[in-house]
Amino acid sequence: MSFDKELALALEIVQVSCKITTSVAEHTLTDQTQIKNDKSPVTVGDYSVQAYVNKKIHETFPEDQIVAEEDTKTIPEDIFAKVCKHVQIYSDMKDDEIRKSIDLGNSTGGKGRHWVLDPIDGTLGFLRREQYAVCLAFMIDGDIKVGVLGCPNFEGGLIVAAQKGCGAKMFSVNDIKNGKDIHVSTTPKTSDMCFCESVEVSHTDQSRSKTITERLQVTKPPVRMDSQCKYMAIASGRADVYLRLPRNLSYQEKIWDHAAGYLIVKEAGGKVTDIYGNDLDFSLGRTLCNNHGIVASNGILHEETVNVVKDVLSDLK
């Protein structure tokens with residue numbers, strides 16, 4: 001079964017979303033930032049992208065459900081006014097429609113047709129004007145069929161996309177008609193690998209990463225970047241292994257932090273599992289509650305890396 005229509009829609013709305021976030025970033029971000037209960041920053045860009053994306057999905061596939069990160073329960077009115085200003089450049093939605101559109105992302109996931117959105121993954125990177133990504137995936141019963149990542153600050157702006165069974169492509173953020181096929185690296189030895197991880201120490205256990213890379217005899221320093229841009233780096237051969245290491249087993253990864261990147265790496269010939277080598281299960285709701293941490297790789301290095309990761313993290317509770 002083809003999902004060409006879903007892929008075309010995802011590419012189009014991620015491209016526009018990159019324009020929205022770039023526009024927001026051109027303004028001073030300090031007064032546009034809000035701190036959520038989990039202490040991660042939320043920007044006008046997050047809400048603006050979610051409003052726009054949800055509206056476009058709902059127009060085209062009105063019966064589909066959307067699992068997205070943000071909601072409007074605590075959005076201050078001054079922030080919301082800025083959201084409306086940015087959204088209305090690209091949409092004719094009224095203010096009340098924008099609020100309703102943001103809250104279309106409240107699905108609990110699971111069975112059926114679902115879109116999975118992280119409007120700005122790597123908000124701290126966005127605020128630093130470094131790496132962030134607009135992340136959109138489409139799944140049926142937890143099986144990812146389409147994944148698109150927009151990375152506006154990566155090498156002048158890139159979009160990577162995949163449809164299950166059709167490989168992965170990379171586009172300029174300004175041209176989604178002419179993509180080129182991408183593939184993971186063929187690096188055969190861990191001693192030669194380029195390893196990437198999150199910038200923020202709250203997102204991964206960097207001290208354990210250091211132990212793991214020493215065990216694997218990695219000679220290159222880690223490449224640290226925010227967001228699912230790391231999946232893009234693996235899929236395009238710019239890096240060989242990505243580790244996201246939990247500090248304890250109580251933390252549950254959110255599906256919007258991984259859905260698009262997971263498919264793109266796999267379609268580029270790589271492998272993505274949790275730290276125990278188990279496939280990721282997106283069918284259980286808004287979190288990967290049956291998985292712990294992430295290992296993504298070019299496939300060649302996967303088994304050796306996972307074995308060392310399991311050993312180093314064997315005391316996790």
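Going from the start of the chain as shown, residues are counted 1 onward.
Cβ coordinates are placed from backbone N, Cα and C, and glycine is handled just like the others.
According to Swiss-Prot, the active site, proton acceptor annotation covers D46, T123, on the basis of similarity to another entry. Look at Swiss-Prot and you will find E69, D118, I120 tagged as Mg(2+) 1 binding site. For E69, the entry in Swiss-Prot reads Mg(2+) 3 binding site. For D118, D121, D257, the entry in Swiss-Prot reads Mg(2+) 2 binding site. The adenosine 3',5'-bisphosphate binding site annotation in Swiss-Prot covers T123, H203, S227, K230, R244, D257. Per Swiss-Prot, the feature AMP binding site maps to S198, H203, S227, K230, R244, Y251, D257; the stated evidence is experimental evidence.
Cβ neighbours within 10 Å of D118 (Mg(2+) 1 binding site), excluding its own Cβ and spanning all shown chains: 31. Counting only the Cα atoms, the space from D257 (Mg(2+) 2 binding site) to K230 (adenosine 3',5'-bisphosphate binding site) is about 11 angstrom. The Mg(2+) 1 site is set by E69, D118, I120; from the centre of their CB atoms, other residues of the chain with a CB within 8 Å are D46, V49, Q50, A68, E70, L117, P119, D121, T123, V134, C135, W256. Checking the binding-site residues (I120, S198, Y251) against K230 (adenosine 3',5'-bisphosphate binding site) with a 10 Å Cα-Cα cut-off leaves S198.
If you take the Cα of D118 (Mg(2+) 1 binding site) and the Cα of S198 (AMP binding site), they are about 16 angstrom apart, rounded to a whole number. Within 8 A of the CB centroid of the Mg(2+) 2 site residues D118, D121, D257, the other residues of that chain are E69, G122, A133, C135, S227, Q228, K254, W256, H258. Using a 10 Å Cα-Cα cut-off around E69 (Mg(2+) 1 binding site), the recorded positions D46, T123, S198, S227, R244, Y251 reduce to D46.
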